[in-house]
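Report on one structure; see the data block that follows.
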């Protein structure tokens with residue numbers, strides 16, 4: 001949820017943010033009206049409760065002659081208080097709905113526009129020049145790494161098996177990511193992948209993108225599409241001590257996405273699938289530290305990409321392509337030779353205080369135990385995921401159909417070269 005102080009002091013800033021996202025700026029006026037109505041309802045209810053309390057005291061001290069009139073007034077006030085409390089509850093509900101409808105306020109400098117309006121911040125390496133390159137699925141099948149056919153037989157479209165050295169390649173990649181995270185002060189975590197509705201909603205994934213989320217109806221639980229979700233809920237309703245700096249966690253989990261809005265897109269291979277594995281960095285910090293921490297997350301992502309030795313670019317994602325929780329997002333996109341374009345491998349988002357406000361995650365300024373709790377900031381960033389296999393296989397392929405294993409992954413895979421294998425049963 002957005003900061004009400006900003007809304008009240010500078011509503012035009014929130015309107016501009018909505019417009020840059022391509023979202024409805026009139027929602028800002030609806031929230032302002034709901035905020036005013038809520039405060040008025042609270043004031044009315046408080047006034048009536050105070051009058052009711054005073055009237056109750058008067059009844060006790062009244063003479064027999066005065067008591068009937070005072071009792072009648074007390075009864076009338078009780079009915080008015082009940083009605084006022086009902087009106088307050090309705091106003092609170094309307095306010096909460098209006099508050100939840102507004103996306104995070106975009107940070108100044110984020111490009112306006114939609115998916116194609118990003119700004120390129122950096123390009124690293126030259127696009128790999130290959131004559132008649134094979135795509136990652138052809139390579140994965142010929143090398144005995146990926147089995148889409150049996151994945152579809154067992155689970156349906158957009159499922160797969162990683163087999164043999166394909167499994168080792170992914171496990172090595174994720175272990176490398178976790179190792180880098182630990183070296184930089186992250187606490188490794190293996191979180192639950194089923195979460196309660198309030199946690200999923202708190203991270204902002206039950207709004208416009210609710211159809212992308214798997215729900216276990218019998219238990220009223222959701223399968224997570226990223227370990228960002230359970231890690232954001234980890235400190236819900238807590239007051240943190242950030243006096244020693246940010247709290248950093250690295251979650252390793254399977255992730256699940258319905259891809260309901262992606263019909264017909266990336267149907268070949270493991271670019272867009274229903275289940276994948278990922279190491280996700282998640283950070284709690286003070287709002288003042290958030291932008292610097294965002295740059296640090298991007299730096300660690302770039303370090304991981306350097307280790308897998310692929311050309312990539314960094315983009316500043318346009319406001320209209322941001323999720324509702326993100327105030328700014330950087331993507332690192334690797335070159336995919338068979339598509340002759342860059343595809344997203346990592347994203348890192350600065351969610352400012354948006355998620356923490358929903359989840360009631362606070363900190364005490366300066367670590368002062370008596371200080372007033374403040375809303376924390378949260379950030380997240382991919383450190384390694386299944387999709388990276390696409391970039392590794394395609395960029396390191398050789399004319400004979402083999403694939404060179406990036407040096408950093410050789411100890412995990414057990415070989416420097418992946419070579420075609422014969423068909424198996």
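Glycine is no exception: its Cβ is also placed from the backbone N, Cα and C atoms.
For 226, 227, 228, 280, 382, the entry in Swiss-Prot reads L-serine binding site, with the evidence type sequence analysis. Per Swiss-Prot, the feature ATP binding site maps to 257, 258, 259, 273, 344, 345, 346, 347.
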Worksheet item: Other than its own, how many Cβ atoms are within 10 Å of the Cβ belonging to residue 259 (ATP binding site)?
Response: 17
Discussion item. Can you give me the residues near the recorded L-serine site, meaning same chain, not 226, 227, 228, 280, 382 themselves, Cβ no more than 8 Å from the center of the site's Cβ atoms?
Written reply: 229, 231, 251, 253, 255, 278, 279, 281, 282, 380, 381
Worksheet, complete the sentence: Near residue 347 (ATP binding site) (Cα-Cα within 10 Å), the binding-site residues in question, chosen from 226, 227, 228, 382, are 382
Discussion item. So if I measure Cβ to Cβ from residue 257 (ATP binding site) and keep only same-chain residues at least 6 apart in sequence, which ones fall under 8 Å?
Written reply: 212, 213, 214, 225, 273, 274
Worksheet item: Per the record, ATP is bound by 257, 258, 259, 273, 344, 345, 346, 347: how many Å separate the farthest pair of Cα atoms?
Response: 19
Worksheet entry | Conformational class of residue 228 (L-serine binding site) under the three-state DSSP mapping | helix
Worksheet entry | Number of Cβ atoms other than its own within 10 Å, given for residue 347 (ATP binding site) | 22
Worksheet item: Within 10 Å of the Cβ of residue 258 (ATP binding site), how many other Cβ atoms can be counted across all chains shown?
Response: 17
Worksheet item: Can you tell me the three-state DSSP label for residue 258 (ATP binding site)?
Response: coil
Worksheet entry | Subset of binding-site residues (226, 227, 228) lying within 10 A of residue 346 (ATP binding site), CA to CA, in sequence order | none
Worksheet item: If you measure every Cα to Cα distance among 226, 227, 228, 280, 382, the residues said to bind L-serine, what is the biggest one in Å?
Response: 10
Fill in: Distance from residue 259 (ATP binding site) back to residue 227 (L-serine binding site), taken between C-alpha atoms, in Å
17
